[in-house]
Amino acid sequence: MTSNDPVRRAETLREQIRYHNYRYYVLDEPVISDAEYDALMRELRELEAAHPELVTPDSPTQRVGAPPSEQFAKVQHVVPMLSLANAFDEAGMRAWYDRTLRLLGSDAQVAFVVEPKIDGLAVTLIYRNGVLVRGATRGDGEIGEDVTANLRTISSIPLRLGSFANDDSAPTNPTAVPPLLEVRGEVYMRIADFMRLNEQLAVAGEKVAANPRNAAAGSLRQKDPAVTSRRPLRFFAYGVGQVEGVALQTQWETLHFLRALGFPVNRDARRFERFEEALAYCREWMTRRDELEYEVDGVVVKIDSFAQQAELGVVGRDPRWAIAFKFPAREAVSRLLDIVVNVGRTGVITPNAVIEPVNIGGVTVRNASLHNADYIAERDIRIGDYVIVKRAGDVIPHIVGPVVARRDGSERVWQMPATCPACGTPLERAEGEVAYRCPNFGICPAQITRRIEHFVSRSAMDIAGIGEKQVQLFVERGWVQDVADLYTLTPEHFHGIEGYGPKRIANLLNAIAESKDRPLHRLIVGLGIRYVGEVVAQILADHFGSLDALAAASADEIDDLEGIGPAIAASVAEYFARPESKALIAKLKRVGVRTEAKGPAVAPKGDALAGKTFVITGTLPSMSREEAGALIVAHGGRVSGSVSKKTDYLVVGSEPGGTKVAKAQELGIPTLDEAGLLALIGANDRSAPAASNNNQNAASATSRGTMAEVQQLGLNLE
């Protein structure tokens, strides 16, 4: 109940906002929606505007964010990292523009830069003489957290600045790297990468992230940089703090300057001479948000001129020269009717919410993810609760948390069932894992269905024409009990089934038959072994060459492979030790599925790299990492995904992974650039050349013939 006493109400609002700031900025676990948080801030602003005597120095309206976590060293920002005022409609945008003109003068010539407001984690990067020396989070705007080691692992953040002078909009002397440069930007995670990461975490029995922003924030704030290096983080630069040695005049010039130095800058940023044009671009963004590969929660409109920015100044926590045009919330409140559990292909039990239908962003949502039992317990989510439901882009809607204030006492605490809902087997939970599992691997019908769906998926055997409905039909009718049974289907099975005419049946059976000859690593992916995705499957296929050899390998033998850890090795060995797995492999052979690696499509060009193990990091000048890897393999070498004492060379391109470079230096492993790699191949010499700074002229003398070989391998170097 809202108090009529403005003093008490202001104190209450400040405490609520501080608490929610702590949940959002420090714990990365918000418990209210963005719209509800904005409503609290608006009420406090209006209250303080009506009663100026209530404004205190520590009011949330006078600060940014929350105190930093004690987990990392604190960093004092020399130039504060400001927040932004928000506008929620065009009327708010026009009010901001009118205020700007009143301050600058009605005859002022004002240009605007409009940039997408990426929903990630704001960071600052400090470069001295072109070398990254420190990186920190925004924290409360005054003090952040030192996450330098973790930021170094993000490949889109340059460790040393270069010059890309072909950007005509950069300053007149883009080759001069400033002696001091502080770059501000956003660390984020693409939606597709987020979904893949959550799948991996769920399979591993680890805690999943609620959304891409939380995934990015949690990944960046890992204590171990090695963990961060395995997360698909990206970076966009959008501004500067401290700068020495270059006089930047505008925001637009700054964006081009940053791009010229090698920073990724969002190419959807635009400059406009008129406010109405800028506003029209904001409207366009509202219609495009679902088409993007990353989450945005609005657009930022900035006054382009730094001189005008300085004239406008800052009030409280917000610069007067910029505003965030926030998009309508992709959240809604609905009632949680029930919690049902689904069974995954590896037996993981996942709770899902059944809610009263609610429209979120033009889509009717009836079901939402609850991730796992711990997620429900930590947030005290109960059946009958009114809950906040969030949907963003193509990400599955999920429950953020309950609206506790709306409880009436009829809500029920949910408990994870003791047995599998599909087969009745008692559930198990391994020590240290958040996931419950059904151990009835070979018989549980839900696991069978999920495994077949995975087997036919694009990343595995890629069988066209088979989806969830088809698999359900096959299993319900008893035609298919395991993936090998797919290859026993005949036209007679489909006789009399509605929707299955002769042409559709022929296409379906042809697609199944064609999949028998898929590469070995695709088959390994299709088996659905825990922790085994495309990269691990390729390593296993390359080393063992057949399912028989892989099945006969011990966990120790598998663990010895580059890029394979003990958890993966144990999972693979455990899978092939099961009687049902052995029976499945025998059955796959009987129905004609290839269980051995295919011969090389192109005969090896030589053995110049025989016995040598390479790791590739960064962006190479004339070929992708995949193309470089194919070239190494064609000359007898092998490629690994991680640096270890077994690595012979690290091939380094621009913007390399900091962890790999540091590990190579620690182990004394020689590094090569692209020219050095080509020289090593062209010289047909297995001895290690001088590391890193090989003679470019000598390399070029041998590279023409080698590049011709790349073309013969069918590799596109454009």
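Cβ atoms here come from the backbone N, Cα and C positions, even for glycine.
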If Swiss-Prot says ASP34, ALA35, GLU36, TYR37, ASP38, SER83, LEU84, GLU115, ARG138, LYS302, LYS326 bind NAD(+), which of GLU186, GLU273, GLU356 does it name for the same site? GLU186
If you measure GLU36 (NAD(+) binding site) to LYS117 (active site, N6-AMP-lysine intermediate) at Cα, how many Å is it? 19
For the binding-site residues listed here, LEU84, CYS438, which shows the highest count of neighbouring CB atoms within 10 A? CYS438
LYS117 (active site, N6-AMP-lysine intermediate) to ASP38 (NAD(+) binding site), Cα to Cα, whole Å, comes out at 16
Stretch-averaged pLDDT - the domain 'BRCT' (604-694): 72
Find the shortest Cα-Cα separation between CYS444 (Zn(2+) binding site) and the binding-site residues ASP38, LEU84, LYS302, and name the residue that gives it. ASP38
Give the distance between the Cα atoms of ASP38 (NAD(+) binding site) and CYS420 (Zn(2+) binding site), rounded to the nearest whole Å. 42
Can you tell me whether DSSP puts GLU36 (NAD(+) binding site) in helix, strand or coil? helix
